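Written out below as structure tokens is the structure these notes cover.
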Amino acid sequence: MSRTPLDTVEHATATPDVELPWAELGLKKDEYERVVEILGRRPTGAELAMYSVMWSEHCSYKSSKVHLRQFGEKAPQSDAMLVGIGENAGVVDVGQGYAVTFKVESHNHPSYVEPYQGAATGVGGIVRDIIAMGARPVAVVDPLRFGAADHPDTKRVLPGVVAGIGGYGNCLGLPNIGGEVVFDACYQGNPLVNAGAIGVMRHEDIHLAKASGAGNKVILYGARTGGDGIGGASILASETFDDAKPSKRPAVQVGDPFQEKLLIECTLEAFAEKLVVGIQDLGAAGLSCATSELASNGSGGMRVTLDDVPLRDSTLSPEEILMSESQERMCAVVEPEKVDRFLEICDKWDVIATVIGEVTDGDRLEIFWHGGKIVDVDPRTVAHDGPVYERPYARPDWQDALQADDANKLPRPGTSDELKAQVLKLVGSPNQASKQWITQQYDHFVQGNTVLAQPEDSGMIRVDEESGLGVAIATDGNGRYAKLDPYTGAQLALAEAYRNVATTGAKPLAVSDCLNFGSPEDPAVMWQFAEAVRGLADGCLQLGTPVTGGNVSLYNQTGEAAIHPTPVVAVLGVIDDVARRTPVAFQEDGQLLYLLGDTREEFGGSAWSQVIHDHLGGLPPKVDLERERLLGEILISASRDGMIDSAHDLSDGGLVQAVVESALLGGKGARLVVPDGLDAFTFLFSESAGRAVVAVPRSEEVRFNDMCGARGLPVTRIGVVDGDAVEVQGEFTLPLTDLREAHESTIPGLLA
């Protein structure tokens, strides 16, 4: 961009014919023409930089916005919802004056280019979203997807991602309490690195991203601004990959968790002293986003002097300063008489802080550099009035053939020995095997409030030490189900996360989501996206769990090959007393095992069809959300009233996977009996939704059965906790030692 003379607003007005590199910055021709129309002149280089990042797919949701509106239009009535979609993160009331904020986001593309930094800064960004709401971060979760487990590139990407998440989270002193690790060839070259965080605050501590009050000062504080991450939102997060790994590296941000830790403490102290009017973290699009968002959400305008921004690299141009995505930075709006105290607190925590501007009583965002005005825009046009596309979408030609290729017709084991061999193969397959080698690199118990963490059904954190009030969070997604039917697949992800919260004894309250899809320019991908959003919105309405916010990640494809549609759903729940939680592990010999829900012949998209036959086809399991709700109520009541000592949801891998996990975690075996009307194969491997297996003390058997009967939930006694093997009567016996070897050796063997 031209540096001589400075491309001021005055210069831009006088030189209408100057060609600007709008295409290189990711804008389409008609989008550039719209900018010219809004301004009534050509943009300056700095204005072009701002519009290009803020109108990118990543920041503006221009392809997804028309569909995402359903989350608001179909939102269920919820007394718990305090802050919804549109802020940095959603906030829900969890009782006793406490509020919890939570959100899931993606850092997919940066994590492929630079796995460690991409994943680390993903954690840093989501944690700053939580701080910006006024909350103290208390935990993180990380739903991850990688290519085939035995592919050489997985061995490059996965260890870096895991080290980045662990390194950053551990340095912040935040326990990692949940997430998933899934392998599938469709994620080759497009790993999904989704990160979530939870924060806790009192109701009166909620803060919003708005700049109001003419004369109030705008303070930039945190790390210095450097050249890392420039154009990250427009370059990395809004494009597909085509053999351009090294050249994309400068667009990956570099994280410093110790700086972030200071930023957290500094910000929370400023909040405690009521010094902050409005606040915004600097994430995607950096200062371009923070200034335009704060100004457009407030009641006035803003004037900013870029010369006052503390730089790590003095050669940066004003355009680069506006686009930089350097990490660990925040922007606060502070009343003039409180500025000195705010700066004192920053100094105490060794955090660099500078007044870079002020709120004005107009409606313009004006930015100056070396005395010249280089930006003069209506901030709403930058932050909120970007292009909105109704992209064409169509059910793909191949969908019918895929659904007709019925997994229920695949060859099944013909003998007990074959059945036994397939059980061992399933529990030792990469997706069903223990992920302990990965999760042990994270600290689960720092801060001392972790109640449950991986491999439990959901992570659980104590919020109040005296009362035992706690929250649980589960994240789930199944790209295989969604590929077969995106509407049902999204609802199955929601149902599983809802169920995973309920099995621990917590009541599901609200949802955040991370929607990972291929290119929106492909009508088939756009159809998958539209169907998944419709399914999720309908499902949340039916379950009474509003969507509080989330993230869309598009362009997850290499060349023509898109990832499976992968909606990842996080459900947050509340429990009155964490002492009443229910774990996955079997607790005592002699306890009775009950299967809740109906088991049908449903193998489409199943772990069995993938592991044994390398097959994907047919229809995913049917979803009945009213039944899920009923199951949830019964699990919560049984947990609260001491009727069950362990509970585990049934999902990938079916009943046998759930029983093996509970047995290995508790070090206690199980003797199972195939119920009447089912064959052993369907009993063990079906992935019918809406089911859980629970261990009931004999003293509670009558009370538990009476409750299930009164509420109309099918319940079947299937066995007993006993011994040191998993035995299916009349079929096979598998010692826990053999199961442990199969279950726990796979991931270290592939990755260590």
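Cβ coordinates come from backbone N, Cα and C, glycine included.
Just so it is clear, the model here is predicted, and its values are computed rather than measured.
Taken from Swiss-Prot, the feature active site covers His58. All protein chains shown were included, and the count of other CB atoms within 10 Å of the CB of His58 (active site) stands at 26. The DSSP secondary structure for His58 (active site) is helix.
Same-chain residues at least 6 positions away in sequence with a Cβ under 8 Å from that of His107 (active site, proton acceptor) are, in sequence order, Gly118, Ala119, Thr121, Gly122, Gly125, Val193, Asn194, Ala195. The annotation active site, proton acceptor is assigned in Swiss-Prot to His107 on the grounds of sequence analysis.
Feature annotation from Swiss-Prot assigns ATP binding site to Tyr61, Lys103, Asp513, Gly550. Non-local contacts of Tyr61 (ATP binding site) by the CB criterion (under 8 A, 6+ apart in sequence, same chain) comprise Leu68, Val552.
Secondary structure at Glu105 (Mg(2+) 1 binding site), taken from DSSP and collapsed to helix, strand or coil, is strand. Sequence annotations record features per position, and here Swiss-Prot assigns Mg(2+) 1 binding site to Glu105, Asn551 based on sequence analysis.
Here Swiss-Prot flags Ser106, His107, Asn108, His109, Arg128, Gln253, Glu325, Ser326, Gln327, Ser553 as substrate binding site.
According to Swiss-Prot, the Mg(2+) 2 binding site annotation covers Asp129, Asp281. In sequence order, Asn88, Gly125, Arg128, Asp129, Ile131, Ala132, Ala290, Arg329, Met330, Cys331 constitute the residues six or more apart from Asp281 (Mg(2+) 2 binding site) in its chain with CB-CB distances below 8 Å. DSSP assigns Asp281 (Mg(2+) 2 binding site) to a strand in the three-state reduction.
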Quiz item: Between Asn551 (Mg(2+) 1 binding site) and Gln327 (substrate binding site), what is the CA-CA distance rounded to a whole number of Å?
Solution: 19
Practice problem: For Asp513 (ATP binding site) and Glu325 (substrate binding site), determine the Cα separation and express it in whole Å. | Solution: 23
Quiz prompt | Arg128 (substrate binding site) in three-state DSSP notation | solution = helix
Quiz item: Where the record says Tyr61, Lys103, Asp513, Gly550 bind ATP, what is the longest distance in Å from one Cα to another among those residues?
Solution: 17
Self-check item: Protein Cβ atoms within 10 Å of Lys103 (ATP binding site), excluding its own
Solution: 26
Self-check item: Distance [Cα-Cα, Å, rounded] between Glu325 (substrate binding site) and His58 (active site)
Solution: 13
Quiz item: Which of these recorded positions is closest to Gly550 (ATP binding site) if you go by CA atoms: His58, Glu105, Ser106, Asn108, Gln327?
Solution: Glu105
Practice problem: Could you find out if DSSP has Asn551 (Mg(2+) 1 binding site) as helix, strand or coil? | Solution: strand
Quiz item: Listed substrate-binding residues Ser106, His107, Asn108, His109, Arg128, Gln253, Glu325, Ser326, Gln327, Ser553 - what's their greatest C-alpha to C-alpha distance in Å?
Solution: 21
